[in-house]
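Take a look at the structure set out below.
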Amino acid sequence: MHSSVYLVALVVLEAAVCVAQPRGRILGGQEAMAHARPYMASVQVNGTHVCGGTLVDEQWVLSAAHCMDGVTKDEVVQVLLGAHSLSSPEPYKHLYDVQSVVLHPGSRPDSVEDDLMLFKLSHNASLGPHVRPLPLQREDREVKPGTLCDVAGWGVVTHAGRRPDVLQQLTVSIMDRNTCNLRTYHDGAITKNMMCAESNRRDTCRGDSGGPLVCGDAVEAVVTWGSRVCGNRRKPGVFTRVATYVPWIENVLSGNVSVNVTA
């Protein structure tokens, strides 16, 4: 990868960012089986959940770059692993400080392209049955329309904005990209690096940004954006495909990249 990677040390999110943006947004789902998704991460600012993430290595969590929009360095960003409930004591739950955040060099606040980032934890996660990385999808292929995939998160579960305390899960059906690009849907905005899932009253919602779309046993994509009104069938959920970015991710994880460091 020849582009520089921008690394921001100990940066944080403002909770309002993921709440107010029409991006990444589980509505119409159900409570997930406790600890059945040991890769799930909760990105937290000052102790409040703001975005989801996926543990992809013992010290790295993959999420969405737009979760960084409007950040300030005066707040505290942490990553919670091993959790089902955000508030109840659980034996496998641990809150990790963040050493650094690496934004994809192509990501921008005014664009939905290249919407990925990586959190480097302050130290390696304690791995086991309840905390375990999920493999990346490495095959750069189109997921067949109608394929059922899994999303999970702690995002809002009602249009009124109610947030759950326990992890929610939803099975979604993959939509053909050409259909998703019709004028009646996303009107040409879906690039080859994105994919869509049907969202008729069942959708990711605010606070689910950055979480994984899991097809089979791998991270297929990352929750990115959709409609301001979650569950709008005319605005399918949009995800950033992971396979295209595997070389960048692996370069970041291995340290084989040129980085710019700012405070």
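Yeah, the Cβs are placed from backbone N, Cα and C, and that goes for glycine too.
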Just confirming the record: what cysteine out of C180, C205 does Swiss-Prot connect to C196 via a disulfide? C180
Have a look at 44-48, 84-88, 144-148, 224-228 and point to the one annotated region 'Self-inhibitor loop' in Swiss-Prot. 224-228
Identify which of C67, C149, C230 is listed by Swiss-Prot as the disulfide partner of C215. C149
Going by Swiss-Prot, which one of C67, C205 is joined to C51 by a disulfide bond? C67
Do you know offhand how many angstrom separate S209 (active site, charge relay system) and C51 (disulfide bond) by C-alpha? 5
How big is the Cα-to-Cα gap, in Å, between C67 (disulfide bond) and D115 (active site, charge relay system)? 9
Quick check on the disulfide-bonded residues C51, C67, C149, C196, C215: which one has the highest count of other Cβ atoms within 10 Å of its Cβ? C51
